[in-house]
Structure formats: structure tokens, C-alpha cells
């Protein structure tokens, strides 16, 4: 403690000596606001006001009564700050005829001695959160703040009950005074990154989300969607495409973030968890976002979110702050009390500096590297080594000061008061049926596929061009014995390269997998529902591709002039595309990266083409060992074999004047096929089984969810590194 006190005294003395009293900016207003007409003098990093002279902060606990009993009295208070805290800042205008948002019965969240351990998360300790205490009340905004890797997101996920299986939670979490989990529909969780569908408008996206989440009839959910649009001030953007693609102009980042939050509001949750609501937003968008959330909290909803850094205006909107560093709670209480806490510990906030910047400056250990760099050089204004606050000492000072402060005692008293009796339990609002979800996802996927030209329309154009090129190159072959080998090559080239064109749809498949991961984490969807909807939606587009390109190729090459044989050709090619679609979905689910997915698919298709071509066409040669298993699992093999058997089944060719050979004998000399008359149907059944099998693999990958946010490849690499460290 002597070392801590000496470091604190040194920092306080350096702060007071950094600028003379004459050069200080008058600060009769709040600590970070300049008085109108004041002198504009340069203020150093260490230039801080005296809290004892300017502001008197008193933290007290009211006896009796309900609600929030921890209050902060400040004298004097800035008018600007009062407007922020009262929520009277100008907000985005509401649409004409808009109705005031409905009141929401919020819930009280209390956490006591909460500890979270994640094995291998950190080198020095498995404890990511260490004995944290706090609470969140209805109609308030509680922010969890701290530097990177301080445990903000882990604490948020722990309160929401969304920790990974590798994490272990200790301590107690109370919901309305009872030890119970949050039920489906009673809370919403917004991830840090936006996972939206750019080809839908804001209203369409929210409407489909409501259909997936809420039970009841379709027409009953329109009012819920309009309420969510009103709550997030999205009226001006309701009929605009979300966008976000390089070829589709969409909403700004701030409005996209609002849409992510509005998706959770369609359930009218009582508690809303948001991970970094200001992620990748500029200062104006951040302020508008927080004003909107402040209005949302005023309806009664309990808001808990994480913040890395914020401006002065945004800081004034917070009701309570939980300050973390390396999993330790350095402070929990009202925002102004946090400023007094830092001042009492010897680290007053400098004039004209954002409080959040000052907090992070004091507790972020990365600043030690900056200090070490500054001590090695100087500039025109003098030696930068005056910035000499040791963050490790500051963290210990703040932690010890908070433990022995009245703020910690007030929090404990409030926790006891909120948990001494149970309130109303949060009940589930019900879910939409599986049949409804499949129908909604099918219709939504159809709409997405029809609007995104890279999904199927580009593949249709490329397949038509391929059919024209291959058909023109192999046209006019006739039906002689000498044309058998050429027909085999034509069918082989058409099927193989048409399957390879499926890599065009990889970006869209990756996007669908990410959207599913986001919706499934919030229990809006499921593996079977997602696969069935995606499968049913792809049927019309794949059939359109197969019948258009097949007919062009079929008539240009001059295959058998019979309707039944032609329809088998179309059906076989359709099943080939369906199997290939499942293969693309498997690779996209495993890798979840565009470059590696496309590279892997190209490699797989080339391997299948080589095995099917080399081993099957030249079956008399042994070939490489790896081609044997690949040739039998390659769907190219069964598709090409079925098409060839369909073409030469029941045909014969004259050899000389007397002798004739069957079509099977002529074909067997070039390609390895079966003499059975039903072999082509057996190949078609195998393709159906493979189409189902690939989707079963996708379901297993989605069900076990090895790693949602990254690829299986990255997960395995991480595991290998952990084993090496051991």
C-alpha cells in the first residue's frame, strides 16, 4: 500500500504542476465542459481540476422504498449534462402520424460474486471474470466498460446465459430476485458484428424476423415490426435495401446497427443485451445511436451493453458503469460517482478530456509501452517522460480504493434489497412452429436468390454459354460407332465444367451460413429448418438451370431423339447440380472463408474430374492409388455413367456387312459402364442419396457448431497451439 500511495501522490503532484493556476481554464461548469467565453489555453494531459474545489459528489443509499436507491448529488451541474441525463437531446424526427412507443415491463438483473473461467483463454489465469457484483434496473442503461481483453463480452454473455461450453460460471445471477434463466422471448442479444441480408429492405428483413420468432398469424406481426421501426427511428429507411455488398448500395453503418437491434425488438424483450453498440460507428452515428437507446430505455426496457470507448456526450447518457480490467471490477455505480472514485484514488479526470478516455488511459496496460517509447525521445515541447503513470499501480490503487469505498457497500446493500424477495417470473412468449419457419425461410431464400444476381442468375448465364460452346464444338456427330468416344467426351466436359461453375454461388452460401449462425444463436432458427428452407428454395432455380442448359446441349450435340430419354438427361443433370449444391454448402460451413472455400472446391472438382476421366475412361490402366476411392465418391462418375447408359441403352451398331454389337459393348470399350438395363436408374438413386447425405453432413456440422465465429481449420490450428504450449 505504501508503494501504491507514493505512486498516487506522484501522479497527483505531476497533475497539479503540469500547469499553473493562472493558465487553467475556469471550470465553474462540469469537469469536461469549457465555460462560454473562457480563454482557449492549451491543456496538457496531466492538467486536472481539483474536485474538492469545483464539484461535490455525494453517494448515498436511500432507506426504504423501491427502485434505484443509489443517487449522486452534484453541485453545480452542467446544463448540457442535465439535458443528456434527462434524455432531452434532439433525436431523429419521427414519421408523421407515428405513435409513441409502448411501455415495456423491464426486469431486474443482479449478479453476485460472478466468476467465469475459460481454460486456455489467458496465459496467466483461466479466470476471465473475478467475483463481479452489480445490478441493472428497468428503464436504465448499464454499461460494461474496459480495455481490450478485460472480460466485457464474457460478462455480458454470462448474464445472458450464452457462454460457450468451454466456459464455467460460478456465483449467482438473479432475474427479478429469483435464481432463474432468461426465457426465450424475454431477452434479446445483439452480437458485435452486423449479420444482415443486404438484398432485403429494412421492413422486409424485420417482418421475416418476426415471422420466424413470433407465434400466431402473419397479419398480427405487422404492428410489432412497425413498433420496432419506430423504437429505433428507422422510419426514413424502412423501404430501403439494407445493402452492404460492393455492387449494392445500402444503409450507412449506423442505420445497419439499428436494424440489428430492431431485429431483437420484434419480440418486445424485457432485457436487451448489446455487445458494442457503437462498433465501427463515427462520433455522430454513435451519439444518435445512444440517444435512441436512451429513448428505448425510457419505455421500461433494461439495457445492458459493453463499450470500449465513447465521447463525452455519450458518456453523459449512461446510468451506471461497470469498469473492468483483467476481469477485476474496479468500479460499479453511477457515472458521476465513477469520476469521484478516480479522483479519490488520486487520478482526477483532466479538463476537456472524455471520461471514458481517462478511464482507459488509467487502466490499460498497453499505455506502459507508449510511456517506454516516449522516454527515449523528445520533441519541441519538452520531455514526454512526464507521462509516467504506472498503469499496474493505478489498477491496484483503484481496486483497493473501490473495495473500501462507500460505493461498494452501497452496491452490496442494493443487491441484498433486490434479492430479498422474488418478483414476477419472466415467461416464454412461445415460438413459431417448425412448419411456419420452413415456409418463411423458403420464401425468404427465394426472394434473396431472385435479387442477388450472383447467386443463380450468373450461374444460369454461364451454364448457357457452356452448353452453347460445348454443343457447338461437338455438333453433328451422328450415331455411328466411331462417334461413341466423342460423345463420351462431350458429356464428360459438359457435366464436369457445369458442376465447377457452382463456385460462383460460394459468397451467397457463406452469407446464408453466417445469417443462420446468428439466428440460431438467438433460437430463431434451427439446422433442419435452415436446410429444408434452403433446399426447397433452390429447387426452382436449379431446375431452371438444368432444363435450359441441358436442352441446348442435347439438341446441339444430337443425342437420342426421344422425350423419355431427354427428360432423364434433364433429371440426371438436375440431381448432379443438387449434389454439387450440397458439397458447396459443406465446404462453406467448414471453412467459412471465401478464398479457402473456392480454392478447396476447385481442388475437389479437379480431383473428381481426373479420377472419373482417367480411371473410368481408361479402365485398363491401373492409375494412381488415390483415384480409386475418389472415383467412386465423385458424383461426376455416377452422373456421367447414367447419362451414357441412357444414351446407348437398347442401341446397336453394325460392324461390317454381317456382325453387329450392342450399344453397351461399344460403350464399354471407351467407358466403364454396367450391362444392367436398370443401371441408369440406380445411378440416379445414388445421386439422390448423395444429395441427402451431403445435407446430413451439413446438419451435423451446424448442430455441433465446432466454431461459429471462425472456421474449423482455425479451430484445429488453435487446438494444436494449445497442445504445443502444454
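Keep in mind that glycine also has a Cβ here, set from the backbone N, Cα and C atoms.
Range annotated as region 'Disordered' by TrEMBL, chosen from 61-93, 94-126: 61-93. TrEMBL lists transmembrane segment for one of the ranges 408-437, 528-557, 618-647, namely 528-557. Within the set 369-388, 569-588, the record from TrEMBL flags 569-588 under the feature transmembrane segment. TrEMBL lists transmembrane segment for one of the ranges 456-477, 654-675, namely 456-477. Using a cut-off of 8 Å between Cβ atoms, the transmembrane segment (569-588) and the transmembrane segment (684-704) share at least three residue pairs, counting only pairs 6 or more apart in sequence. If you count C-beta pairs under 8 angstroms between the transmembrane segment (594-613) and each of 456-477, 489-508, 528-557, 684-704, the highest count goes to 489-508. Here the listed stretches are 456-477, 489-508, 528-557, and the one with the most C-beta pairs under 8 angstroms to the transmembrane segment (684-704) is 528-557. For the domain 'ABC transporter' (109-351), the model gives a mean pLDDT of 89.
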